[in-house]
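Peer 1: Starting off with a structure, shown below.
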Amino acid sequence: MPIQTRLTVLGPLGGHPTGSGSGTDVAVTAPEGTSLADVLGALATAAAPGSGVPGAVYCEGRRLDPRSTPLGHPPLVDGAVISLHRPADAPSRVTPPAARLMVVSGPDAGGVHLLHGGEIRVGRSAGADVPLDDPDVSRLHCVVNLAPDGSLTVADLGSTNGTTLDGVPVTADPVPLRPGALLRVGESALRIVTGDGPPEPVTDHAPALPGPEQTAAGRPARRWGRRRAGATASARPERTPLPEPPPGDWPDPAGVLLTAVESGPRLWENDPSGRPPFTVQVGTVPRAAGPLYPITVDLTAAGSLGLAGPGERLTGLARWVLAQLAVLHPPAVLEIVAVTPGLAREWSWLGWLPHLRPLRGQDCRLLLAFDRRQAAARLRELTERLAAPPERAPGGAGPSRRTVVLLDGDPGGSEQHEAVARLAAHGPQAGVHLLCLARTPPATPASPLADTLAAARRETPAVAACGTVGLLSGAMATTVRLVGPDGEPGAAATADAVSPAWAERFARSLAPHGQPAGAAPGAPSVLPDSCRLLDALSLSRVTPVALRERWARRSGLPLVLGTGPQGPVTVDPARSPGPVLVEGPPGSGRTELLCSMAVSLAAAASPADLALLLVEGSKDGLRPGAELPHTACHLDARDPVRMRAFAQSLRAELKRRAAVLGDREFTEHAVSGGVRRVVAPRPAGRSGEPPESTEPPMRTPVCGPLPRLVVLADDVEALLDPPLGAPGRQAAGSVIRALRAVAEEGNRLGVHLITTAEPGGRPAGLRIRLTGRPPGRAELLGKDGSLPVFQAGRVTGRIPRTATLRPTVVPLDWTRAGDPPARRPVRELGNGPTDVALLASAATRAAQPDQATAASLV
Ligand SMILES: Nc1ncnc2c1ncn2[C@@H]1O[C@H](COP(=O)(O)OP(=O)(O)OP(=O)(O)O)[C@@H](O)[C@H]1O
């Protein structure tokens, strides 16, 4: 399977990748094992057209050897930044810092600054060592000193609003700064952490919210300072009693960045501290002593969350909300969709997050919408979900996988507005929650909360359906107040916000994560229109040796169905509580899928361990599978004698197994010696003719361990309701009764049924629904709801080997990431052996010793 890796290439001039605008983002698609050297020229051309192959390549400050650095593996994973010719200005790996100064709350939160000793000045000025875009922070506000002996002190630098340490004012006289203590400057809270962290650079100095000059021009610091001293009623936290604090410990922006960059143990953790899922913190309330008090919103209770306020402050808060959701929930649990027409610059960083991959088979590269056409497509996909049954967690009450939809900007015409309204009203029950942004002036004494809320509803009507709305308030919009369904505002809290540079760094760090266990790294997130099963099985060149190795290391009965958005899709029919059902409209690829399943099973287990029984209700579509040495029987419904004999043998086999096993469940090789087994006969008929009826449908049993039996039954509808005049009409009932017996008790006895219609008995344990667009496109439905869609493997066509694919390097255009992917039509070859024939031939050779044993026993 080819893998895809998205990289950012910095040209000869280097630079720091603080946004999608600098450097060139590219998607490299190449077969597994391709080295950097194979694509280096194309990468250099993408970064600077006309430039030659560079002499040196760097990643994370290290020089790489292009020939021995494979794509898709560290450090060249999704989201990596490489620089050509010379190292980038990006922070490089450094010796472990003595301490970290973390900005844990405030309007420019999330910074993690490495301290190596000496004085560190904190202030609003760009020249400060720790610059903070916080309007209440003075240009040079306080200084932290790390002495050679590791001791820390802090002193105020004559700031307007003062500095406090754990609630105690700090003067110009340095006082000891204990690790873990909370340092407050303006609206920001900082914490020192010491200890030997990994040497990962995380300093994020880029000021991204309005720069110091802008804020200074619009707001004299002293006036804001006075306002704080005589705060307005709406901005005073002590006026509103705080509710019971939510349980659990709450992540702060600096900790979240570190978790993402270092893939810390808390990434996607199931929080043992009891923090409820899908709950986000929008700000904190400072208390005289003790930790910051988190103000949180539970999306499952609120339904949807509205956020209103001015420009960058609003996006900074929304970035923080989305980042928290992404760091707390894996992509298997959380899907993020961004419907933000015209706002690619603001929101393209989301594209690095694994949560925006179209795992449900949506027709796009990423779940982004930067123009109205893309917005219409995303909204259509989402509203279609309202009609589908919600995905339930096993044993759980609520939907197992939820979707958070960021809505920013005008989604389009009346149809799209109506779709948004439907999602706002009915989405939460289906696990779809909106995060609606409304750009309004902040709530101030001149514009009370009620007016701001009304303005937000006018600006973004869906806000009216949001169970909770966060309103940014105060002259500089650094305070947030939550308004619930009762219309009562909650406590005023310092709004937490993070910068675009922070968000980009955060999202890139998560980019390589989120592949399910066993998926190929960098597996393409977009479903192909055609999949060669042998590629999905990693058997592009199928040889007897490769098969014997697989057969030897088999565990269970792995059945690879095809490829999903994250790599091969595998099920285990032996673990299904009932038959496996393959449904779909005519021509959707059911017969082909049954053939693929036969091939996939034959690749998993040797003929000694597995026998296949192929049953056809009307056509002759499974005939290619009869070539497999595993096939013990190929029955078609035109021969009543063989049909009855088959039904009799199958029922006898079930009875015999039940007698041998008693109360025990079938396990691999548990039963052997003196036990007869069913071995493969070949039906004597040639293609298109009914097989001759002289032979029993299954060969004489011989001694040996019990193999598993898998019955693959196609066109079972024709057996359930045989057409008048069909030759097998009379015998169809006996076959159906035998299949029903397998459905009922087969699994316990190691006999499994894969069928296109339920014959009765135990209901299907696993359903595969082919959609028919394109042929072979299918979704897997477990008992707990829908799982990702996949493209079923093809075995009877002649698909050229994809292993010969040449690597491609394509510039990434984020504005087009929400479009359907460009598809290269797969041309099937006109001649040459089919893949089922290739595998059957290799399997026959691989099974030679087995067959010799079997023959001697017959
Ligand atoms: N996985 C696949 N990949 C590509 N093409 C496929 C795939 N499966 C089926 N097709 C194409 O679709 C055609 C119909 O497939 P198939 O006969 O398996 O469908 P079906 O559901 O069994 O239909 P029917 O029962 O009406 O015959 C095939 O001839 C093939 O060209």
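For all residues, glycine too, the Cβ spot is worked out from N, Cα and C.
The annotation domain 'FHA' is assigned in TrEMBL to 120-170. What TrEMBL records for 192-251, 680-702 is region 'Disordered'. Feature annotation from TrEMBL assigns compositional bias 'Basic residues' to 220-229. According to TrEMBL, the domain 'FtsK' annotation covers 566-789. The ATP binding site feature in TrEMBL is assigned to GLY584, PRO585, PRO586, GLY587, SER588, GLY589, ARG590, THR591.
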Peer 1: So if I measure Cβ to Cβ from GLY584 (ATP binding site) and keep only same-chain residues at least 6 apart in sequence, which ones fall under 8 Å?
Peer 2: ARG590, ARG769, LEU770, THR771, GLY772, ALA778
Peer 1: In the same chain, which residues outside the set GLY584, PRO585, PRO586, GLY587, SER588, GLY589, ARG590, THR591 have their CB within 8 A of the centroid of the CB atoms that define the ATP site?
Peer 2: LEU770, GLY772, PRO775
Peer 1: What are the non-local neighbours of SER588 (ATP binding site), defined as same-chain residues 6+ apart in sequence with CB under 8 A from its CB?
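Peer 2: Long-range Cβ contacts: LEU770, THR771, GLY772, PRO775, GLY776, ARG777.
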Peer 1: Would you mind splitting the domain 'FHA' (120-170) into helix, strand and coil residue counts from DSSP?
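Peer 2: Tallied per class, the domain 'FHA' (120-170) gives 0 helix, 22 strand, 29 coil.
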Peer 1: Around GLY587 (ATP binding site), how many other C-beta atoms are within 10 angstroms of its C-beta?
Peer 2: 10
Peer 1: Where's the emptiest Cβ shell within 10 Å among the binding-site residues PRO585, PRO586, GLY589?
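Peer 2: Among the binding-site residues PRO585, PRO586, GLY589, the lowest count of other Cβ atoms within 10 Å belongs to PRO586.
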Peer 1: Out of ARG590, THR591, which has the highest number of nearby Cβ atoms, where nearby means within 10 Å of its Cβ, if these are the binding-site residues?
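Peer 2: Per the Cβ count within 10 Å, the most buried is ARG590.
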Peer 1: DSSP three-state call for ARG590 (ATP binding site): helix, strand or coil?
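Peer 2: It is helical.
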Peer 1: Need one number: mean pLDDT over the domain 'FtsK' (566-789).
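Peer 2: Summing pLDDT over the domain 'FtsK' (566-789) and dividing by its length gives 81.
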